[in-house]
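Chemist: From TrEMBL, for reference:
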ACT_SITE  205  active site, charge relay system
ACT_SITE  284  active site, charge relay system
ACT_SITE  317  active site, charge relay system
């Protein structure tokens, strides 16, 4: 049950527990029951904490964008994501499940930014690919993390940095790495017609580093990875990450495991990156803080020269740039997902 239909008004009898199925059947045979439901919540995978609710559905480019809310065990709060489905008809569920691209957004964003500003739907529909757009952090956890809603836009809400915090109080809720790589795919693949094996990942800015570290740390989970203007060495980017990494880990240096350039330098040629590439605008107003030269150096010096970094003339750090290249990124991922 995804909460898309107001079923309560249609149900005349409700029973709790698998052992009550026979009671419902008996009631129906007596003619006293028009529509009945047996609630089976004893199975671990169906605990109330796993409840998922579709908040809205809109049609776009022949497909459907759903806004979904669910309980996150790893972040211990409700999380929201958007998902684009090329088809939403029940009969489509009987065919091969869709592959999925996960898009990690940048600092200050919610799931809504990419959903409403990025031109992905037509190309995803064309290739028969799902696009999943999660939030960038937990929300509503002020009681445990009172600084989450402060005025510093680089920390707290909208600034999960796709890492698992180690320092209290952040480590209770800010576990976005595990959320993106494990819990979110599990939810998506359980409740929607999405393949459990064919996954790719991409992201912008903070999410660009997020996509790259997810693929670098768990390359077996992703068919491909791309990044748009990624923050390439968060441990050295005081402007974007200094406050957050100090709060989440005690110091930026302690967060090397969530910095793509540092991961490349540590693992060297032993690192097996999925196929991919990076795009960045030549007039990105945050160029000095993205540390793209650090990424290029780390790639080339550690045997990953076949992972190109491309500059796009005159584009800045915005959705104008994203929309210039997004169709190419989707084409690239679709080619690897649909093999």
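Every residue gets a Cβ built from N, Cα and C, even glycine.
Worth saying up front: this structure is predicted, and the values here are computed from it rather than measured.
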Chemist: In sequence order, what residues of the same chain, 6+ apart, have a Cβ less than 8 Å from the Cβ of residue 284 (active site, charge relay system)?
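Modeler: The list for residue 284 (active site, charge relay system) reads 229, 290, 315, 316, 317, 321, given in order along the sequence.
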Chemist: Suppose we draw a 10 Å sphere around the Cβ of residue 317 (active site, charge relay system). How many other Cβ atoms does it contain, all chains included?
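Modeler: Its Cβ has 21 other Cβ atoms within 10 Å.
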Chemist: How many other Cβ atoms are found within 10 Å of the Cβ atom of residue 205 (active site, charge relay system), counting all protein chains shown?
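Modeler: Taking every protein chain into account, the count is 25.
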